[in-house]
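In Swiss-Prot this protein carries:
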- E59: active site, proton acceptor (ACT_SITE)
- K134: active site, proton donor (ACT_SITE)
- C166: active site, nucleophile (ACT_SITE)
- 13-260: domain 'CN hydrolase' (DOMAIN)
Amino acid sequence: MRHGDISSSKDCVGVAVVNYKMPRLHTRAEVLDNARKIADMIVGMKQGLPGMDLVIFPEYSTHGIMYDAKEMYDTASTIPGDETEIFADACRRAKTWGVFSLTGEQHEDHPNKAPYNTLILMNDKGEIVQKYRKIMPWCPVEGWYPGDCTYVSEGPKGLKISLIICDDGNYPEIWRDCTMRGAELVVRCQGYMYPSKDQQVIVSKAMAWMNNTYVAVANATGFDGVYSYFGHSAIIGFDGRTLGECGEEDYGIQYAELSVSQIRDFRKNAQSQNHLFKLLHRGYTGKINSGEGDQGVAECPYEFYRTWITSPDAAKEQVEAITRKTVGTAECPIEGIPNEETPSGHR
């Protein structure tokens, strides 16, 4: 894994992340104009970064945040659709892969159900290789319909890629799911705002280390009239060290080369910090010394996870016992979110 050049190689995937300024849009026409702006940026970036194999844009970079519910439903996209065709043309022209945000994607029961918050991974032929729907919408603010699974897809030069979105990344389970299924690069597209800059920078580095994976973060910048976004798009090595990181500048770009062979060699040959292998071979040294074979222990030792899988309702009761039973709290009420002093109901 390398940083500082504009090249790539047969072994190294050139990855760029963009500090895209959060747009404030209201109509479908404005969304499509912004998609064309993103497309033009891709073509220009490839001229400056000839090694670029993959370009990544933040959550909300295509639509912005529609704070008006009617606008959110009216501008929700289909996949494939007009926006994806604009991106497909750009990927073909620039001969690069791309990750793009669609907020939202129409629900199958549109407009009776809330849209999804969706990312797509597109190849250099303009084909959609992965479509991921955000599993953990940023409640209580985000009103997206939740997705229900992660994916792993083969990306440029065979690098295996998973997509996650913003608040997803605050839950260690999603990182483990992606990497245990084979992901070598976890792409975290986010529209993260202050105050949690320090926490979000730390968590992506920590998850890279804990899961022996490359991480690419693309975040928004600017002020959209409601939130201020902190940028700091970054590319992180599988050892948890940052290869390149933007500041807070609008349209800042970072670029690094991710070796396919290095991460595979590490996962095969690393020992004391091979967190993926060791999780399913717990205590193998002690087992060897005890005459109990050389495989360690594979059984899950964590009671909460066993309960969650076998009895989700019991796990929910367990967490409510140490937190609260209602989705909202009366001490800081939010309109449309039921709390212990208000009746249930949807927005």
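Any Cβ shown, glycine's included, is placed from N, Cα and C.
The separation of the residue listed as 'active site, proton acceptor' from C166 (active site, nucleophile), Cα to Cα, is 7 Å. On the 0 to 100 pLDDT scale, the domain 'CN hydrolase' (13-260) averages 98 in this prediction. A sphere of 10 angstroms centred on the C-beta of K134 (active site, proton donor) encloses 27 other C-beta atoms. Cα to Cα, E59 (active site, proton acceptor) and K134 (active site, proton donor) are separated by 10 Å.
The Cβ of the residue listed as 'active site, nucleophile' has 25 other Cβ atoms within 10 Å, all protein chains considered. In the three-state DSSP scheme, the residue listed as 'active site, nucleophile' is classed as helix.
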